[in-house]
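J.: I'd like to ask some things about the structure below.
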Amino acid sequence: MPTPTLLLLRHGESTANAAGLFTGVFDAELTARGRAEAANAAGLIRTAGLVPDATFTSPLSRAAHTARIVLDALGRQDEEVTTDWRLTERSYGALTGRAKEEVLAEFGEELFLEWRRSLGTRPPAMSDAQFERLRAAPPFDALPDAAMPRTESLRDVMVRVQPVLTDVVEPALAAGRSVLVVAHGNSLRAVVGLLDGSDEDELRALNIPTGQPLVYDVDASGQPVPRSGRYLDPETAHQAARVIAAEGGT
């Protein structure tokens, strides 16, 4: 039996990414560039011989669409994709949908970076009107109440995604299945932090670029090997991560 692997993939560029917005739980679609990034990711996965046997994705359109593009390009059109709301992007609270430059100008760099990069600080919570509008829209209208927090810290997201790893991903790996997880910049920061046992400084510095497959080795017991993560196109991925860092991070 081939040794399974764990692939992590942030969705391709979304319309909100391109506009410089705090996206969070806002259900933005892929741009043309984002669709091309997803197709390129599929090519990298195929070349590396890492076609997945099981795929898990966030219910947000930009992640679900990325997963579908990847699987279709890999000739896996009939493969079932498991949607798990716990993989959704972090709730940026009242910042959701706001321009990052506008928030930076209003609140200053220190607070701006604290909200974006810290482990434990939550942005201001959504207003009732904003919460009700987003809660009533797909995909959240069909998801449990826990899927739509009014605001979250990165630590909150780590608590949320932990059961996905232990109860869903790791059993699939232990059964010999290679797994692809398609999610978001912050939900994947949380996953990587849990896999690697990252400290707060490492998490502050961690940026996950769009459309760049990150592969983890899996040991004989089916556990992802900590700190074994590597990009299939490291030069492009690390350059993209540097660009994100220069903009203030994911």
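Residue positions begin at 1 at the first shown residue.
Heads up, the Cβ atoms here are built off N, Cα and C, so glycines get one too.
Predicted automatically and left uncurated, TrEMBL annotations should be read as such.
When I checked TrEMBL for this same protein, it listed these features:
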BINDING   10-17, 23-24, Arg62, 89-92, Lys100, 116-117, 185-186  substrate binding site
ACT_SITE  His11  active site, tele-phosphohistidine intermediate
ACT_SITE  Glu89  active site, proton donor/acceptor
SITE      His184  site 'Transition state stabilizer'
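Tell me about the setting of these features in this model.
T.: In sequence order, Gly24, Glu152, Leu154, Asp156, Val157, His184, Asn186, Ser187, Ala190 are the residues near Arg90 (substrate binding site), counting only same-chain partners six or more apart with C-beta under 8 A. In the three-state DSSP reading, Arg90 (substrate binding site) counts as coil.
Over all protein chains present, the Cβ of His11 (active site, tele-phosphohistidine intermediate) has 31 other Cβ atoms lying within 10 Å.
Counting every protein chain shown, 28 other Cβ atoms lie within 10 Å of the Cβ of Glu89 (active site, proton donor/acceptor).
Following the DSSP three-state reduction, the secondary structure of His184 (site 'Transition state stabilizer') is coil.
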J.: Given the binding-site residues Glu13, Ala16, which one is most crowded in terms of C-beta atoms within 10 angstroms?
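T.: Selected residue: Glu13.
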J.: Hey, how far is Lys100 (substrate binding site) from His11 (active site, tele-phosphohistidine intermediate), Cα to Cα, in Å?
T.: 20
J.: By a simple count, how many Cβ atoms lie within 10 Å of the Cβ of Arg10 (substrate binding site), its own Cβ left out?
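T.: For Arg10 (substrate binding site), the 10 Å Cβ neighbour count is 30.
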